[in-house]
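Peer 1: Here's the feature list from TrEMBL:
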DOMAIN    37-218  domain 'BPL/LPL catalytic'
BINDING   81, 82, 83, 84, 85, 86, 87, 88, 148, 149, 150, 161, 162, 163  substrate binding site
SITE      145  site 'Lowers pKa of active site Cys'
ACT_SITE  179  active site, acyl-thioester intermediate
């Protein structure tokens, strides 16, 4: 008999500060299970209050740089994800898969590639067929990044994830070199499609794409038990 598809429970957390979103991730990832097959997989969906985050490769962002960014009205966090500096804020769909890769394919390289394909498929479904990968991380439309990707894995349990620009105010990115990549810009679904594209619209499409590309059963709980 074919193996059962992994089940992934969707948690819609709404708008959260970055710190609150991190606490929810940690809560969902910290499971006392003896077998990886008993691990409960989650897909945490939210929007963040304006925040700049830096990954494990800080590339020279000093305390003074942090102060300047905070003066813009955004928060600032140093994280344990991969990647360099990026921005999260209203109008951006943030998706954090908290999954045990042993139920899928136990490889971070496979995981990142599958995340990329998930976003590309979602963009295609929304009418943007030229979203793709490049030698730089993330998903791109020509030389403009539409989705940032930064993940963390510990004992095959993933945290962090993607930030897909839907109707994000792109001016926030003007104060940084997004993901440390010189000479390239950022864009959004709204910008590329020529119409307002909400996080809610993109969420429905991303969930469909996630289930298809990760070959899993995506389930939404009406009452997600998470605490901030």
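Glycine too: its Cβ is placed from the backbone N, Cα and C atoms.
Just so you know, TrEMBL annotations never went through curation; they're auto-generated.
Structural setting of the listed features?
Peer 2: Neighbours of residue 85 (substrate binding site), defined as other CB atoms within 10 A of its CB across all chains, total 25.
For residue 145 (site 'Lowers pKa of active site Cys'), the number of other Cβ atoms no farther than 10 Å from its own Cβ, over all displayed protein chains, is 25.
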Peer 1: Select one residue from 148, 162: among these binding-site residues, choose the one with the most other Cβ atoms within 10 Å of its Cβ.
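Peer 2: When each Cβ's neighbours within 10 Å are tallied, 148 tops the list.
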